[in-house]
Structures are given as structure tokens and as C-alpha cells.
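These features come from Swiss-Prot:
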type	residues	note
COILED	55-89	coiled coil
REPEAT	152-181	repeat 'ANK 1'
REPEAT	185-214	repeat 'ANK 2'
REPEAT	218-247	repeat 'ANK 3'
REPEAT	251-280	repeat 'ANK 4'
REPEAT	284-315	repeat 'ANK 5'
Amino acid sequence: MMVFRVEELVTGKKNSNGSSGEFLPGEFRNGEYEAAVALEKQEDLKTLPANSVNLGEEQRKSEKVREAELKKKKLEQRSKLENLEDLEIIVQLKKRKKYKKTKVPVVKEPEPEIITEPVDVPRFLKAALENKLPVVEKFLSDKNSPDVCDEYKRTALHRACLEGHLAIVEKLMEAGAQIEFRDMLESTAIHWACRGGNLDVLKLLLNKGAKISARDKLLSTALHVAVRTGHYECAEHLIACEADLNAKDREGDTPLHDAVRLNRYKMIRLLMTFGADLNVKNCAGKTPMDLVLHWQNGTKAIFDSLKENAYKNSRIATF
């Protein structure tokens, strides 16, 4: 079987040795090859059946007609709003589409940390501060004391109460942590809870028997601490639990003295509403009202000074 090249089929010519070989460009000059190829293409088009072209056009036309009919049906279905029920159905369908589109992100719960190695005291105290319950549980499960403390005698319970880590507070108390353990400034867990401002921890301590009247080295009660740090809910709960409104610290100040000095309006109103004494004098002989007047006079003196300086500057500017 002989193999012919395209050029031989188109022109009907062969090379000099009469067999299918390398194409000789010298045999076709002045565009003879291009003309032969163009002629062959025209002959191919002539050989195509005439009805095949017509069939392709008819198919395209029929597809266009079908698309137009489908669009028309959709528009007719949309326009058929005979009553309110049809409108409600459409609204519900749109809502369902929206719900399908919005994917609710699945939040994976962190795997529980498994502690196998022994936990030392510094790591245990740090875990209580940073809310790392598995570390605390491992330390306690190894029969260690929950009342170990740092150089300032602050225990894990003090730290957890400050940060409001309720689960750790519960775990420490289950292990026998002392609620009335005092740090270097003689603050107890209830002082630290009010300093941190966590109401749930404060409630837990009181329910477990924490002394509401406990005082630190400055003779401050938990109510003093709550007022100074501005934790309104803690102060309100302490008052509801019958904390002493007029308890004096080492300087003779009551919680109301502290509230006035720090200009905590909500605390002042809270204490006065529940009957705090306005006439109690501190060690300097000042009542809460005296502090208000002193603050007003001090503020008035500052404004008078500023006003006088502004007047002097204006006089200098005129000369």
C-alpha cells in the first residue's frame, strides 16, 4: 500500500523517483500549490449534501423557539398572583433559598487537654490565673494542697476569684481550699472577687460561707473594695446580703466616703438609697457631705484661677 502526501493528492504529481518521498518545493512556483489547495477546499464544500446545512439551521431555530417558550412560561407563572396565598408562597420560597445559601459555620469544640506529667506549684498557680482547668485538675489529683501560695501568700483561689474563673473556683473549693485564707495584705477570697467584679464568683463564695464582714490589713470590707473599684453589681449584692453600709476602714472612711472621693455617682445613689449615714466622720473629722463641699470648693477655686489668668492675658494682649 502506497502512502501519498497531501501535496501529491492535491496536485496529482509525484517526485522524480515516482514514489512517495520528500516534497520538492521547486515543482510548485508562482502560487500553484496555494491555488490547488483552495480549489480542493471548494470541491469539498460542493460534495457536502445540501440538506445537512439546512438541518443545522433548523435545529438552531427550534432551540431558540424552545428557549423563548420556556421564558414565557416562567413569566406567566410569576405573574399569576391571584390572591395573598400565592404571594405568601413566593415569599416563603425565597426565604428557603436564602436559608440554603447561608451556611452556618460549625464551631469545633477544642479537644480536652490531657496532662500526664506532674504539675509544679508555679504552673498550678498560673493555670488558675489563665483558666486552664486540666492543669489544675492534674495538680489536685496528685494529692497536692490547693492552698499552696506565692511569695505574697496569694493562692490559686485568690487568682481564680480575681479573674472570675468560676469552674476553677468550684474545683478548688471541692478540693478543700480555704475560703478565709489571707494573703500578705490579709485579703480573703471575697476581697479578690469584689476586686475582679465577678458577681457569680461572689455569690458562690457567700453561699459557701465566706464572711461578708471580713477585713483586710487596711480594715477594708468587701463593700469598700467593690465601691472603690466601681463594680456596682457586686456592691448591690453585698448590700442585699446585709453588708455594713457604715463600716470604717483604718482612716475612718465608710464606703460612702470612698464613693464621694472617687466621684462615683451611681455608688453614692445606691448607698444613700439603702440608708448610708451622711454624717459619719472619718479620722480627719470629715463627713461625706464635707468631702462634697471640699470637692466643690476645690473645683470652684480652679475655675476662678483659670478665669483670672484668662483676664490677665487679655489685658496684656491689649497693650
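The backbone N, Cα and C atoms fix where each Cβ goes, and this holds for glycine too.
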Could you give the mean pLDDT over the coiled coil (55-89), rounded to a whole number?
69
Same-chain Cβ contacts of the repeat 'ANK 2' (185-214) under 8 Å, 6 or more residues past its ends?
157-166, 169-170, 173, 179, 220-223, 225-226, 229, 231, 233-235, 237-238, 241-244, 247
Per DSSP, what is the residue count of the repeat 'ANK 4' (251-280) in each of helix, strand and coil?
16 helix, 0 strand, 14 coil
